[in-house]
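As recorded in Swiss-Prot, the features of this protein are as follows:
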type	residues	note
TOPO_DOM	1-39	topological domain 'Mitochondrial matrix'
MOD_RES	16	phosphoserine
MOD_RES	33	N6-succinyllysine
MOD_RES	33	N6-acetyllysine
TRANSMEM	40-68	transmembrane segment
TOPO_DOM	69-82	topological domain 'Mitochondrial intermembrane'
């Protein structure tokens, strides 16, 4: 054993690179590249996703209205009862 945690085994042919936490920036290019990229991705995927949501919303509203209508009694069925 004798090795410290993190260096428990020696791995051959594996190269890893790392930066010191003091050399890294927390959020590089968030405002210059990140937000425009989010807007671009939204525009690209909007017309693929939006029609499905519209169809789902129309079917859902139709289904709830039809359900509420079917719960009511039909007054024409009780006109001749006395």
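Any Cβ shown, glycine's included, is placed from N, Cα and C.
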Separation of alpha carbons, residue 33 (N6-succinyllysine) and the residue listed as 'phosphoserine' (Å): 27
Quick one: mean pLDDT on the topological domain 'Mitochondrial matrix' (1-39)? 79
